[in-house]
Amino acid sequence: MKQRLIVKTALSAAILATLAGCATQPTQEWAADTTYKLTVLHTNDHHGRFWQNKYGEYGMAARKTLIDELRAEIQAEGGSVLLLSGGDINTGVPESDLQDAEPDFKGMSKIGYDAMALGNHEFDNPLDVLMKQKEWANFPMLSANIYDKKTGERMFQAYEMFDKQGIKIAVIGLTTEDTAKLGNPEFIGAIDFRDPKEEAKKLIAELKETEKPDLIFAVTHMGHYEDGKRGINAPGDVALARYLNEGDLDMIVGGHSQEPVCMEAPNVVKKNFKPADECKPDQQNGTYIVQAHEWGKYVGRADYEFRNGELRMVSYDLIPVNLKKKVEVDGKSQRVFIESEIKEDTALLEFLRPYQEKGQEQLNVKIADTNGKLEGDRNVVRFQQTNLGRLIAVSHMERAKADFAVMNSGGVRDSIEAGEVTYKDVLTVQPFANILTYTDMTGKEVLDYLNVVATKPVDSGAYAQFAGISMTVANGKVSNVFIGGKQLRLDETYRFTVPSYNAAGGDGYPKLTGHPGYVNTGFVDAEVLKEFLEKNSPIDVNKFAPNGEIVYK
């Protein structure tokens, strides 16, 4: 905030010169030539992980212990703390999803979060669920760029002011404009997700006039893209920092891309970051940019010194929350803590336990067996055809008696390991409660549809998994299309399935809901998958292995 300091100092000097000998109230509450310590702790993309995983990693009870210890340490040294979240509290773990993330928001309140950004997955549910979640949270949910289409007014709080030892800090919230296509179209039709860069610039100008903050931070859910190279994604944190005037924004606490933002060099992200590795945040146009991967695996810690209006980052760390690694002991593989074990906070653990037990009662029932892994990892399924993507598509195709099936990879949220399969596994893979839809189209319409959907790029949730169809994709077009082993005929009619999210235009797919051949079956995707697994158990994963049906050139 160097520019503000210069203006403020010049103004103060002018007043002093004019009113020589008269006592003047300083414009700032902090003392000159005094060094203040400020620490920002942060997480993002929680996605329902209020409970530790089956290996004893992360979880909110251990996170609270860590944050309480950090707070005590920092305050003992005369420092102040802000605890921020980059959003996406919703969607990902069945025990949370079935309870509208109540344990997660109430857990965050007990941990003591100061503010969060609204993420795109906050809009997976009807708005009345989000309003209920606002009541469960004792901290503000921020977004300056979400507007009501009818009234033209902001729907959520745009910023929150904090006073830390006389330092006035404005925290603004911003949400990716991609929410318009990533959120559930059934629930966001009346919402306008405006350009967060423009809204940030406008809001910062207003804040300078009204609140006159010493520092401006942003909690964002926009994504961090190396050197701003975002592909088909909406502009992220790098683009935001570059768009603003240098010095206007001191720090971005981000989310959405679900990665550790650790840099090897300017504009070069450190590849293969591992727990306990050193992490240097990105810095763009005078703005620090941080992100703490996902799921509460880490708590980010940014230590600053503030002196005479200037902010300087002293150190940064991503602290693992009970993450483990595999080691060989006596010829057997076992998992050990990477750093010292963090004990779970007893009070929070007991508060969360009934939620966990209630969820597990419904989920831990075996429904099938599989003889191998069904691959749904986002780093695989968003880049290539996988056996799990194929299996889900086949389950939809069979239920709808369709000729082929289209399944967006963003709707495949996890893998299924070999062995017993439970309902929880199914809901972890498909947590969004999308409805199975199908559409009857002519071959010509199908070809036009595939030219949009099959050409979606890798590394995005729009990348499509297929069943019952083969084709070649090259130069933004499809060719050599075969359905059910027979070449596509433009004058024939075909039936294909697609999740309701995509049928409504999600992921930038062509909207089908107004097509005369469109049918909403009413079948929930997870239930369709569950019944398919039960019916075909034991599952032979080799039957669903891709075999070159979709060729990319």
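Cβ from N, Cα, C; glycine included.
A quick note: this is a predicted structure, and the numbers were derived from the prediction, not measured.
The signal peptide annotation in Swiss-Prot covers 1-21.
For Cys22, the entry in Swiss-Prot reads S-diacylglycerol cysteine, with the evidence type a curator's inference.
For Cys22, the entry in Swiss-Prot reads N-palmitoyl cysteine, with the evidence type a curator's inference.
In the three-state DSSP assignment, the secondary structure recorded for Asp45 (divalent metal cation 1 binding site) is coil. Note on Asp45 (divalent metal cation 1 binding site): other Cβ atoms within 10 Å of its Cβ, all shown chains, come to 27. The annotation divalent metal cation 1 binding site is assigned in Swiss-Prot to Asp45, His47, Asp88, Gln258.
As annotated by Swiss-Prot, divalent metal cation 2 binding site applies to Asp88, Asn120, His221, His256. In sequence order, Asn44, Asp45, Gly86, Gly87, Asp88, Gly119, Asn120, Thr176, Thr220, His221, Met222, Gly223, Gly236 are the residues near His256 (divalent metal cation 2 binding site), counting only same-chain partners six or more apart with C-beta under 8 A.
For His121 (among others), the entry in Swiss-Prot reads site 'Transition state stabilizer', with the evidence type similarity to another entry. All protein chains included, His121 (site 'Transition state stabilizer') registers 26 other Cβ atoms within 10 Å of its own Cβ.
The 10 Å shell around the Cβ of Asp124 (site 'Transition state stabilizer') contains 24 further Cβ atoms across the protein chains shown. According to Swiss-Prot, the site 'Transition state stabilizer' annotation covers Asp124 (among others).
The Cβ of Gly506 (substrate binding site) has 27 neighbouring Cβ atoms from other residues within 10 Å, across all protein chains displayed. Under the DSSP three-state reduction, Gly506 (substrate binding site) is assigned to helix. Under the heading substrate binding site, Swiss-Prot lists Phe432, Tyr501, Asn502, Ala503, Ala504, Gly505, Gly506, Asp507.
Between the binding-site residues His47, His221, His221 has the most other Cβ atoms inside 10 Å of its own Cβ, all protein chains included. Shown in sequence order, Asn184, Pro185, Asn408, Asn434, Val498, Pro499, Ser500, Tyr509 are the same-chain residues outside Phe432, Tyr501, Asn502, Ala503, Ala504, Gly505, Gly506, Asp507 whose Cβ sits within 8 Å of the Cβ centre of the substrate site.
The least crowded of the binding-site residues Asn120, Gln258, Asn502, judged by other CB atoms within 10 A of its own CB, is Gln258. Other Cβ atoms within 10 Å of the Cβ of Phe432 (substrate binding site) number 23 in total over all chains.
In this structure, of the binding-site residues Ala503, Ala504, the smallest number of CB atoms within 10 A of the CB marks Ala504. Sequence-distant contacts of Gly505 (substrate binding site), defined by Cβ-Cβ distance under 8 angstroms and a gap of at least six in the same chain, are Lys181, Pro185, Lys511, Thr513.
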